[in-house]
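For reference, the structure discussed in these notes is given below.
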Amino acid sequence: MLLKGVRPYGEGDPVDVLIRDGVIAEIGNDLEHDGEHDGDVIEGGILLPGFVDLHTHLREPGREDTETIATGSKAAALGGYTAVFAMANTDPVADNAVIVEHVARRGREVGLVDVHPVGAVTVGLKGEMLAELGTMAKSSANVRVFSDDGHCVHDPLIMRRALEYSKSLGAVIAQHAEEPRLTVGAQAHEGENAARLGLQGWPAAAEESIVARDCILAQQVGARLHVCHVSTAGTAEILKWAKARGAANVPQAGRPGISAEVTPHHLLLTDERLETYDPINKVNPPLRTQTDVDALRRALADGTIDCVATDHAPHAVQDKDCEWSAARPGMLGLQTALSVVVKTMVETGLLDWRGVARVMSEKPAEIAGLTDHGRPVEVGEPANLTLIDPGAKWVVRGAELASVAGNTPFEGMELPGVVTATILRGRVTASRGRIDA
Ligand code: DOR
Ligand code: ZN
């Protein structure tokens, strides 16, 4: 296939990119496409490496009424993703080789995005006994990211053992940092708004105390820690301290290091949204203050926070359209992530397109040890690519998204930046808002 007049990283004059056998074959001017096997010609746009999401809830097995590997893969392709990591909090939990192999196989059958299962750290996400990390790592699913996400590995001794074990496997532990003793009954960010509305608070300290502890543990063990969905200014400060302190903090497979992600919703939304009591805004960790949002944006721009991850969390209507305390936490993210990053980071001048490639593709691929995603847009590299129309705008409608569930907090918002094509190993998986099956 041929990409005509595209701008890699949004830099320089438009060029043509010829893709053959799943690889970038040529980059130049006036390239010809040899009709025969180069079916597609796509014109214009900014060309970036395909996005990689370290944090997606695909809900299969167990909650196929909210998302399946097929529908989640469609959402991912439409959002510009070529690889996603499927969190382990399914039912049954992905804490053994059978489940992770099943998820990986379903992902391959659907074939729209590379689906990498995340393995649970502890059996049943209970935080009591280590799961068989080694068996999952050695399975055909080749698991390299482990997480109890949804739950915190709160016992420090179990966390230490998990870090030690993961080190020997060349894997990374992705921690959902939430000291559970500090968030009993918590409903929203502990602060003025929650207090006024009578909602039990989720204090910043519950996140920050675990992140500080885990950074110290990881550096002592010499293991790799990835901090999920950073939500507070204080956590960014702790990460800055820990990264400065760590001798070798480049998060590469098999190397010690600390890395962190931030979600699009924590880059844009605040606890001002509690006002309506609409549980569409309920998420864990909760939406915080504008001071936190500003600090998270700065931390992402300066590399203290390495990447953006969606925490795409589909929920059924009855679990969202109910009273606040009964609602489940979580929001859709795959199809809106790029646009929210453009709005919060590009339009504000905090990141250029090369920066977007870094936080949405290169860094997450590096953290997870993927060698075929997050690669430079250069001849000889695998054609896992995303094409963007930076000037276009669209209005978010939950009902029109590919997910089974429709719980987007961005409903009705006009957002900048449209994914015009997603290319997986030289094959168009999505173009102009449609799945290319
Ligand atoms: O808001 C959230 N939803 N946070 C989590 O940690 C889990 C996720 C889910 O599974 O719904
Ligand atoms: Zn989480």
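Each Cβ is built from the backbone N, Cα and C atoms, and glycine gets one as well.
The model shown is predicted, which means the values in this text are computed figures rather than measured ones.
Residue density at D311 (active site): 29 other Cβ atoms are found within 10 A of its Cβ, drawing on all protein chains shown. What TrEMBL records for D311 is active site.
Positions annotated as Zn(2+) 1 binding site by TrEMBL: H55, H57, D149, D311. Of all Cβ atoms in the protein chains displayed, 26 besides its own lie within 10 Å of the Cβ of H57 (Zn(2+) 1 binding site).
In the three-state DSSP scheme, R59 (substrate binding site) falls into the coil class. Residue density at R59 (substrate binding site): 28 other Cβ atoms are found within 10 A of its Cβ, drawing on all protein chains shown. Per TrEMBL, the feature substrate binding site maps to H57, L58, R59, N89, N284, H315, P329, G330.
Annotated Zn(2+) 2 binding site per TrEMBL: D149, H176, H229, in sequence order. Sequence-distant neighbours of D149 (Zn(2+) 1 binding site): residues of the same chain at least 6 apart with a C-beta under 8 Å from its C-beta are H55, M87, A88, N89, V118, A174, H176, C228.
Within the model, the domain 'Dihydroorotase catalytic' (45-232) shows a mean pLDDT value of 98, rounded to a whole number. According to TrEMBL, the domain 'Dihydroorotase catalytic' annotation covers 45-232.
Counting every protein chain shown, 24 other Cβ atoms lie within 10 Å of the Cβ of H229 (Zn(2+) 2 binding site).
With all protein chains in the displayed structure included, the most crowded Cβ environment within 10 Å among the binding-site residues N89, N284 is that of N89. The record gives H55, H57, D149, D311 for Zn(2+) 1. Within 8 Å of the mean position of their Cβ atoms, the other Cβ atoms in that chain belong to T56, M87, S147, G150, C228, H229, A309, T310, H312, A313.
Residues from the binding-site residues list (R59, P329, G330) with a C-beta closer than 6 Å to any atom of ligand 2: none.
R59 (substrate binding site) sits 12 Å from D311 (active site), taking the C-alpha atoms as the reference points.
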